[in-house]
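What follows is one structure encoded as structure tokens, with my remarks underneath.
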Amino acid sequence: AVLVESLLVFTMVLLVHAVVWDRFSWCAVALAIQAFYVQFKWDRLLQLGGAVFQFRGAANSGLLPASMVMPLLGVVMKERCRAAGIVYFERFGIVVASTGMLLALFLSVLAVGITKPVPTNTCILTGIAGSVIIYTMKHSLTVSEVIEVLEVLLIFVYLSMILLYLLPRCFTPGEALLVLGGVSFVLNQLIKRSLNVIEGRGDPIDFFLLVAVVGVVLLGLFFTVLFIFMDSGTWISSMFFHMMTAVLGLGVIMPWLYRLIQRNPLFWLLQFLFQTQTRLYLLVYWTFLAASACGVVFYQNTKRSSESKKHQASTVTRKYFHFIVVATYVPGLIYDRQLLYVAAVLCLAVFIFLEYVRYFRIKPFGQTLRHLLSLFLDERDSGPLILTHIYLLLGMSLPVWLFPRSCAPKGTLPGAGALVPYSGVLAVGVGDTIASVFGSTMGEIKWPGTKKTFEGTMTAIFAQIIAVALILIFDSSVNLNSSYAWILASVSLVSLLEAYTTQIDNLLLPLYLQIMLMA
């Protein structure tokens, strides 16, 4: 299974660089080869319990697929912005690619360093890949960009040491690279933009995303340290939690956002949300869907109390939420992507805040949330946090957030790139959902080395092709320009990756589909 997963990732790397071949292509290929070898060292460390931190069990390290996401994303972003003539974002794409390569290389060096005896061949490969990457960065980055990349690396090192210690068994090494690398990059961007505020420059919704992500992470770190010294389950601690959340929100996060957007954040948000009648209709519709999702949770818990033998929700039941999310995102993508962008940020902040309430058992809802959500746990929620619903939201939202709007004339990219914002809907909302439902109910032929079925994968590919046809019918901004073969290849490779990967597919699949479609 690991070999097939690696082969699929190699295929996507080569396909991307067959379209976009430049000096970074050699770096990406070298990084992929050394990550393939180092991945087995990480797997061995996980099996022997010598990986310093406690990582998620029942999964391989996932180093290769995770290592290639940021570099490939940066390369395709650079190419799209170069074609559009936007130099600032072309340089930004180079910084993203260089940062991703350096973070992946650091994780590889860490694995090689703690493996005993020292693996000579892997050390040589890592040294060669590192030399190629550093040489290319030396001739591609300015001094300020090199400093920016090193700042992200420094933040990543410290953030990894803190969060992997505080949250054992929540991540594999690959998932830690993706999640913590992304948070480190966002934090560095926020610091950089806060120090260089120019009035009128930058989109407020981008600043809103940066501040929201950093704000909820800092909030979690603050309360984690605080509740080491006091019991979080008492009424006094709960009152203190709510009071300090309000103080940090109104006293730190709001002024920070005010400095960046140069206007009152609450007034700006209210004005933004209710700007048009279409937005009002979408908000009412989304409120109804949110209530429906809560209804599913309560109904399933009622069934559990009456059928005491059944302790966990079935795969089909969990996929109800995927259908609800698809019904949420598709109208937003068709009618108002900016509103969907902001609504997804708000939803992420609410999800993470509710997870804090559940994790710390904050009264009055902490224990109730623990009871309600325990029904929907699967083998990937082996740590103290329940992250699968947050990963689902991230998988659907990242293609919307990472879409290079400034490099897209008329708000859309040409060819297959027009489907980039739909990557989450296609890969997770349609593909993963259909594969799970049909595979678990009608699948008989299993892919070698996995529990996934041939029927599930083929049905997922077919369903995504139908979804693309429906998008063409209902979204007039999408014009594929006869790039159907590339779309079919992209959807097929990502669906096969879903069958073979043991990583969080909600997070990984949309990113790879986005990369393929942007290329």
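Just so it is clear, glycine is given a Cβ too, placed from its N, Cα and C backbone atoms.
Taken straight from TrEMBL:
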TRANSMEM  7-37  transmembrane segment
TRANSMEM  88-112  transmembrane segment
TRANSMEM  118-137  transmembrane segment
TRANSMEM  149-167  transmembrane segment
TRANSMEM  240-258  transmembrane segment
TRANSMEM  278-299  transmembrane segment
TRANSMEM  320-335  transmembrane segment
TRANSMEM  341-361  transmembrane segment
TRANSMEM  382-402  transmembrane segment
TRANSMEM  422-442  transmembrane segment
TRANSMEM  454-474  transmembrane segment
TRANSMEM  486-513  transmembrane segment
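Only pairs six or more apart in sequence are counted, and the transmembrane segment (382-402) with the transmembrane segment (486-513) gives three or more Cβ pairs under 8 Å, enough to call it a contact.
No contact links the transmembrane segment (278-299) to the transmembrane segment (118-137), because fewer than 3 Cβ pairs that are 6 or more residues apart lie under 8 A. Counted over residue pairs separated by six or more positions, the transmembrane segment (422-442) shares at least 3 Cβ pairs under 8 angstroms with the transmembrane segment (486-513), which defines the two as touching. Among the recorded stretches 7-37, 118-137, 320-335, 454-474, the one sharing the largest number of Cβ pairs closer than 8 Å with the transmembrane segment (88-112) is 118-137. Contact between the transmembrane segment (486-513) and the transmembrane segment (320-335) is not supported: fewer than 3 Cβ pairs lie under 8 Å, counting only residues 6 or more apart in sequence.
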